[in-house]
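Lifted from TrEMBL, the feature list:
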- 59-133: domain 'Cadherin' (DOMAIN)
- 148-250: domain 'Cadherin' (DOMAIN)
- 263-349: domain 'Cadherin' (DOMAIN)
- 359-455: domain 'Cadherin' (DOMAIN)
- 455-572: domain 'Cadherin' (DOMAIN)
């Protein structure tokens, strides 16, 4: 660039610029032209540059320098007297490779004419950046993923590993990269499986030995190194894809399965490249099984088609031949199915009804009643069972069954309580859930003469006073006869012998006639007065026809009926009424009369009770009020008078 000034003011200026760097100094002299300076350095502390001079050497000290343009004042400064330019911080070519600014020189101490130089400062590169492998879009397998089919031949290209270096590719070898594998994968004979092109970073197979069924993924660590010796690493994930190079292979040659439920899964070896179907080709003549192909999980599932019965010996073990096939290959495996027992049978009694021999009610505890027998078709715990007697069939706990099936008497029996027992014997197995079988044992109890005769019903006969003897005693409201009964059966019951025992003086007043048909008639031998004795107790002896006979004595109570044969007589009663906290019962005509006292008429005949009220009585606290009450009975007897005294406390 030329600077044009008026002729009278034109001053020939020459710039001599020196740039001082840590590594080198390049020196150029220009005059009135744009100055292009090539800066080579590592951006260390300072850059020192320049001075200008005029044609008159005596004017050099009057020059003043200034800096304008990119980075002026911030990135670079200039000494106004010496013209030296300084860098204010470390320069980084990767941030900015070049700077452009103007250097002005003004004579006469900065007040005269001005000349300038246009400076282009290029930052030369040094090797300050190591190679890196940028991760484009990571997934679950990693940043760098390649795929190769299994059994690929040697030198098959798998993937390309590319590193970047921020240094200047035009400046020497700072950005020239070479690649190598620092962590390879070796096979069983210690040979590397992969190689890499040192210039392009292309990874290839070395041998035809990749087998997805052995290993489906490999990790290879690659190093990128630049010409200055800096390096970086990246990990390549190599996925081995499947090809249909194998027939379907079962995970084991023979499968053992225990079946006590409807189905049992049988997994097979997965093959991601082929569609495998399964079938049963042997060992299932009754077609109790079928194979379901699970495409989602790539397996075959052997399932039960028909119900099995462990109790049938030929259905306890099945040796199935299962075929797995794809479009090109097939293989066979054997599935040994062991059928386990389930608790599907309840114990069964043989027979289910037992009728034990009849036994007397006086048999001793431990007497054998019967032996029951049950069987369970299940096996193991499912076939073990224990005996018991249902509580509702033996509410008094009079029988017991042991684990051998013997039913025995466990408590005393009473035919008069239960004449026939219908025992429900249970056989309960130990399966889960437990199952129960039942049997009925009928036990008939024979009678013994262990009960004496007794009155057929409770009797309370009445004989009226003042009646002349002999008088037939009415035993109850409907009959004049006394009847006997026996809880034993007929051979040990009637006919009965009934007689009156003359053990007390009461018995001498009556006569008992045995009618020989289980009944007897009672008559009086004299006239009775109730006011002297109200009742008579008669011991009655009754004997049955058992062998030996059984007798019992019951007491017949004869009540003397009252006649209204005596007049009233005066009586006297004192009683007190207490008022609680000043309260006293007020009576009026529209209030129900309150019972205050029960009085007994003083008559010579049987006591009669009369109720009366004192509602019209006026009582003063602390004083005694005497009042009288007249009453009569329903007969034409003279009226009586009751005199009472009432005191309110």
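Every residue, even glycine, has its Cβ placed from backbone N, Cα and C.
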For the domain 'Cadherin' (148-250), residues assigned helix / strand / coil by DSSP: 0 helix, 42 strand, 61 coil
Which value does the mean pLDDT take for the domain 'Cadherin' (148-250) in this predicted structure? 89
Summarise the domain 'Cadherin' (263-349) as counts of helix, strand and coil residues per DSSP. 3 helix, 40 strand, 44 coil
